[in-house]
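Here is what Swiss-Prot records for this protein:
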BINDING   Cys28, Cys211, His236, Glu240  Zn(2+) binding site
BINDING   Lys271  ATP binding site
MOTIF     30-40  motif ''HIGH' region'
MOTIF     268-272  motif ''KMSKS' region'
Amino acid sequence: MIKIYDTMTRSLRKFVPLTENTVNMYVCGPTVYNYIHIGNARSAVAFDTIRRYFEYTGYQVNYISNFTDIDDKIIKAATQAGVSPKELSDRFIAAFIEDTKALGVKPATQNPRVMDYIAEIISFVESLIEKDFAYEADGDVYFRVEKSEHYAKLANKTLSELEVGASGRTDAETALKENPLDFALWKSAKAGEVSWDSPWGFGRPGWHIECSVMATEILGDTIDIHGGGADLEFPHHTNEIAQSEAKTGKTFANYWMHNGFVTVDNEKMSKSLGNFVTVHDMLQTVDGQVLRFFLATQQYRKPINFTEKAIHDAEINLKYLKNTLQQPLTETADEQELKQFVIAFQDAMDDDFNTANGITVVFDMAKWINSGSYTEPVKSAFEKMLAVFGIIFEEEVLEVDIEALIAKRQEARANRDFATADAIRDQLAAQGIKLLDTKDGVRWLRD
């Protein structure tokens with residue numbers, strides 16, 4: 001039984017889907033004006049792991065993750081680069097797909113883009129105005145937060161506690177608002193900016209409305225899970241809830257999940273602090289699976305500190321798991337012990353997707369395998385566990401070919417043909433295969 005820590009209730013809750021055996025989840029994707037950094041990648045990897053575990057347990061997952069392809073930052077970066085916002089966003093969408101593929105992130109069921117939903121956004125805003133939850137002011141449209149009965153409950157705040165500009169975005173039109181906390185649903189166009197015609201004149205969507213529209217258009221008025229980074233809890237997800245529930249009168253999401261930050265020297269990794277490393281740059285020297293494994297070593301809600309040592313440790317541990325998978329199969333293994341490993345793994349992951357505990361089980365199982373318990377069922381169970389973490393090794397050299405060469409080497413040694421035996425060892429070494437001569441015979445490892 002999977003239990004999820006729900007940010008809205010600040011409690012661990014049993015997962016009950018809206019539709020049996022199906023999970024509909026929406027995860028906020030990147031604003032595509034630059035390469036993603038390791039902190040951004042944490043969200044992609046964390047929710048991909050969550051998706052994979054749902055699939056491991058038999059669920060069908062509809063996984064939606066958007067691209068914000070029009071935004072103040074995109075407009076600014078495009079202007080500086082001398083290209084259109086679409087050209088810039090297309091470039092970094094392609095980069096995001098390439099980077100996350102290297103991290104073993106499965107393609108989303110759908111990746112909606114804001115520019116493809118302008119008509120639906122306008123219709124959504126019109127509905128909010130009709131219901132008196134929104135108002136037009138000089139070409140802008142704002143949401144009335146005071147009409148939202150439980151505004152900011154997700155962030156465990158009250159209206160009186162909130163400060164103007166909590167989102168960190170410049171609010172030059174405060175004088176136009178009925179309440180300084182009201183947020184933009186539609187922004188009037190500035191000279192030279194990309195814009196679309198609307199009942200309120202030319203303009204473009206506000207940031208928060210975009211995800212509400214794409215999520216409900218694709219998954220319906222109520223979804224099972226909405227996820228994203230902890231920094232989106234307020235104001236982004238708070239505002240999504242307010243406008244979505246104002247329009248539909250229904251609960252927007254049944255479970256809210258937020259991943260913790262990647263830190264550097266215990267400070268949040270961010271572009272504003274200048275302490276970030278892009279995935280694109282890291283992949284020049286570090287294998288994508290190593291980065292992914294590093295990000296999985298902590299439970300998704302907890303912060304994880306980025307250090308060279310942590311990356312090095314991930315590389316060593318990943319190599320150990322790879323070598324474990326490549327052990328020769330044995331004829332027997334304790335089926336009851338295998339069952340206990342599977343149960344322990346599921347218990348760990350059922351507890352709010354605790355990857356740290358899940359990985360501990362994986363290493364305990366690897367130790368058991370290396371002690372001589374590696375039948376086909378054991379291998380299958382082990383591979384399925386690793387796949388939850390996105391760890392899938394490609395076979396560079398087929399086992400049957402390796403075993404055939406080892407047999408030839410053994411025959412050469414028996415005939416005291418050491419030149420041939422050494423040549424076979426060198427041939428295997430060139431293919432990344434290391435031979436270990438033991439009293440029980442020859443073992444081999446991928447280097």
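Keep in mind that glycine also has a Cβ here, set from the backbone N, Cα and C atoms.
Summarised by DSSP class, the composition of the motif ''KMSKS' region' (268-272) is 0 helix, 1 strand, 4 coil. If you draw a 10 Å sphere around the CB of Lys271 (ATP binding site), it holds 14 other CB atoms from the protein chains shown. On the 0 to 100 pLDDT scale, the motif ''HIGH' region' (30-40) averages 94 in the predicted structure. Around Glu240 (Zn(2+) binding site), taking its Cβ as the centre, 28 other Cβ atoms fall within 10 Å, counting all chains.
If you measure from the Cα atom of Cys28 (Zn(2+) binding site) to that of Lys271 (ATP binding site), you get 18 Å.
Considering only the binding-site residues Cys211, His236, Glu240, the residue whose Cα is spatially closest to the Cα of Lys271 (ATP binding site) is His236. Secondary structure counts, DSSP: the motif ''HIGH' region' (30-40) has 3 helix, 2 strand, 6 coil. In this structure, the binding-site residues Cys28, Cys211 were compared by how many other Cβ atoms lie within 10 Å of their Cβ, and the smallest count belongs to Cys28. With a 10 A radius on its CB, His236 (Zn(2+) binding site) counts 19 other CB atoms from all the protein chains.
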